[in-house]
Amino acid sequence: MPRWIIFFSSIFFFISSFITTIITTTNAYEIGTGIGDMTGPISEVTLFGYGDLFQTGQGLLQRIYARAYLVHDPSTHKRVVFVNTDTQSMGDIVKSRVVERLQALYGNDTYTVHNVMLSSTHTHSSMGGYLQYTLFEIAVKGWIEETTRPMIDGIVQAIVQAHERLETGTISLNSGELLDTNINRSPKAYLLNPPEERAQYQYDVDKTMTVLGFHTDHKDIGFASWFAVHGVSVNSTNRLINGDNKGYAAYSAEHQYNGQERLAGKGPFVAGFFQSNEGDVSPNTFGAYCSGTEIPCDGSFDTKCPGSSRCFGRGPGWEISDYESNRIIGQNQADMAIRLFKHASQVLDGPVDFRQKYWDITKEPITKIDGSKGKPCRAAIGYGFAAGTTDNPAIDGIYQNMTHGTFFWDTLKNIVKRPSKHQVECQAPKAVILDTGEMTLPYEWQPHILDVQLFRIGNFYIAAVPAEFTTMSGRRLRKAIKNKLIELGTGNDETTIVLSGPANGYASYVTTYEEYQMQRFEGGGTAYGPYTLTAYIQAFEDLATSIATGTSIDHTSETLPDLTGKAFNFVPGAWPDRPRVAKNFGDVIRDIKATQRDREIVTLYGKSGTTVSATFVAGNPRHDVKLEDTYLTVERKLPSGEWQVVRNDHDYDTRFRWRYTNRLLGQSEATVEWDIGRDIPAGIYRLGYFGHHKEFISRKIIPHYGYSSEFTVEGRLNEQDYYCCDSDENHSCYGTSSMFRYMHPFMGYHH
């Protein structure tokens, strides 16, 4: 081969390698994931979501977590961090305080309100008290620092962990159709949308799940998924804190990737299940029926239930329990997210950018359907909202699609605050039952300054919305953002937009103009009137324009008020504790008891028909929320005689229940429960309880603990050891199999 060919080939190879290196370096991301326990008080504080003042916590089904995803572009030094929390929504003041904490750690420029996004799963089974407006504080008896402090701690920990784990990696993108997991709970309202618009979509809810995968050179570190389904699988009779179906999905997926050897909530792989446009979307996929009957219903007067029967949706496990429905819907999401994560072929590439502003929705100029000019209304709640949903009916005698009031409730409404003539006309056809936007005592009842935010990671965009968008309103917003990006030359047909929320605050619901006319629950909760969606679309088009053109929008941002200095808190303080007579804290009251189920349930460790439990002398769990710790353990005895913790209070097959036995004397008890799956290794086990009590005189908070007696579980045998009972002097062992499950009192152990 001639030397000149060799020479030019070498030059070409060198230049190609150099260009490839430059491109790779330019487009490489630094990524990190993190998780933080944010579980607040699990007792006596009202759960937020169903609006039931008497639905106070009495224990724990699963802990609630913050899961953080950090993306940094080294070429521009821009970064975004988006966090998913197992909460009903997100407090705007919580975000402000999180940013303050981060700036104390990393300076004022690394993390700001502009590049930090806090989203929520919209579970209705976690503690409230983190929203600063009167309407939401009344629902949980106030602004509760006991809730907000651990909430902020957990979010900050998740972000700090992601920051400290930052390393070069890639982000994959995939999406797919997930069926049998969500339905539209207001299908008649959906049908009011234009036929030509509905014809563009196969379903009346979004069935698409979108997954971002986070990969470093040597391992997978997590994924973030978006799928629309309400966090109401666990109903309003529940008293145990949990993250509902998305909380379970995260638990299941992390269990699969982190392995059985790691305790729940403790592994390096982080699986986030973000919420999307779930406003009219229910996990109760079997439909709604009048309770105690097989009569279908939809919560309207037209399908009024007979007698005292009420209209409730049924989840896929309704014949067993709402916990089983929760598991099924959560597992569906986990399985699909894992499948999409494993088979993703598209890799994100391109700049990281962000825009955010505090936006006064009531000042946004809009064009009405008749061509006239106007602005969104001041906030107000309609009768349809007061009726509740098929997921949880609210006030008896009020029904969805009511566009007129009743004498009784109108009289009460007018005593509290009679809506102005302008408000009545602006909100029409909504029949206002609570004129929140014109009420100022003791302070604002609902927000009008909202946090709106748009993130860019290459050709992928996250629109953070502070409200619950219905299916079609979410579709319209996504489409508007994409069209604006394409118009300005930044987007194309491959551009992906996801809605994430409720995020950065909470401003109730957003329907389309057409859906609003029916005034079902979602329309009654669309606080700023029939043109709420129009205003949101314009605000996000402004954000998209700012990103596409590289211009600032800071000059259009309002100042977020902080009303917490005026806030009330009617939750009584935690009393001092006293043990029972002749008992100490942590002593067993009722030792190991086995209960057989009529129908088996499914756990991550096989089917279970047996639950074991033990009850202990306890203190109020409010004394210590035990962040990154546990109220309970299931422990297995090792051949050395030491005890290995195999379960904690985040495992779905355990439950921690607490109750006062004598409130006046401050006496309470805690019960630890464990569903024994068929695949649990045979062995000797015990249940552990860990709590704190407040001394009556000194008021000191003192830890205590207790253990049940040992018991034997017979089942699957490991090859390297065996467990048996001393039935005779020869120490014979029982033959066991995964199909023959039972337990009996421990008598001995030999290896």
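Easy rule for this one: first residue shown is 1, then count along the chain.
From the backbone N, Cα and C atoms, a Cβ is placed for every residue, glycine too.
The model shown is predicted, which means the values in this text are computed figures rather than measured ones.
According to TrEMBL, the protein carries these features:
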- 29-538: domain 'Neutral/alkaline non-lysosomal ceramidase N-terminal' (DOMAIN)
- HIS122, HIS230, GLU468, TYR509: Zn(2+) binding site (BINDING)
- SER282: active site, nucleophile (ACT_SITE)
- 540-713: domain 'Neutral/alkaline non-lysosomal ceramidase C-terminal' (DOMAIN)
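Positions of the features from TrEMBL, shown on the structure.
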residue : record                   : CB count, 10 Å
HIS122  : Zn(2+) binding site      : 29
HIS230  : Zn(2+) binding site      : 27
SER282  : active site, nucleophile : 25
GLU468  : Zn(2+) binding site      : 29
TYR509  : Zn(2+) binding site      : 23
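The residue listed as 'active site, nucleophile' sits 13 Å from GLU468 (Zn(2+) binding site), counting Cα to Cα.
Shown in sequence order, GLN275, GLU278, GLY279, VAL281, PRO502 are the same-chain residues outside HIS122, HIS230, GLU468, TYR509 whose Cβ sits within 8 Å of the Cβ centre of the Zn(2+) site. Across the domain 'Neutral/alkaline non-lysosomal ceramidase C-terminal' (540-713), the prediction's mean pLDDT works out to 96.
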